[in-house]
């Protein structure tokens, strides 16, 4: 039976879950994840304890609990559960209070209270921009892009563009490199004025073939030899044109996005 891990938060739980994934990925073990967001009352805290204790009894072992509860009373209630409770708020905030000689606000969900802020507006604009400029469907306003991702079809351009927009407010367009471009030996014409904004994504040809076969099984588009040809030509073109690029094969979207931000010297706040 897989160990049970609870993600307990008074907000969405995104912060706690991100931290939990980072820690748990260090262990060669699968886990059963249980998300318990919006614990913003004493009653909900007691209800959470019941869920945790029930899991302990069912599993025959203590669950692991990652918590970012700000309210002290709710936090103490959860800590009384039959579990290993890892309190990220107390672990980091209290030493900072001592070091800075300041009291934190202890405001629940403060990191996500951005619905009326300029940052929120920036993020929405970036998402709309990325959707409008997905897969080269529009050449309008490409000059407004923070970055333009290029690569062969199914190399990870679309999810990376949307992640950059949603997480960092980056206006990320993406443009496909197709066989006609390789025959001409040149970048697509609409990209010529924006070479300084280009960043390429490549991928292992066999992995690309697997992905394409899910979409169009048995087609030339998905054939291993065609995928090898397209990847070789795309990488050669990017080297020739001086475009920075990376392979997305063994990287998460988070890793790809962080690398892109570093390479193109973009400084953005994570939302």
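Cβ coordinates come from backbone N, Cα and C, glycine included.
As the structure is a computational prediction, the values presented were derived from the model and not from experiment.
Lifted from Swiss-Prot, the feature list:
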- 151, 152, 153, 154, 155, 156, 157, 158: ADP binding site (BINDING)
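Annotated features, which come from Swiss-Prot, shown on the structure.
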{"residue": "151", "record": "ADP binding site", "CB count, 10 Å": "27"}
{"residue": "152", "record": "ADP binding site", "CB count, 10 Å": "27"}
{"residue": "153", "record": "ADP binding site", "CB count, 10 Å": "17"}
{"residue": "154", "record": "ADP binding site", "CB count, 10 Å": "20"}
{"residue": "155", "record": "ADP binding site", "CB count, 10 Å": "27"}
{"residue": "156", "record": "ADP binding site", "CB count, 10 Å": "23"}
{"residue": "157", "record": "ADP binding site", "CB count, 10 Å": "27"}
{"residue": "158", "record": "ADP binding site", "CB count, 10 Å": "18"}
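Each residue in 174, 176, 201, 203 lies on the same chain as 151, 152, 153, 154, 155, 156, 157, 158 and has a C-beta within 8 Å of the C-beta centroid of that ADP site, without being one of the site residues.
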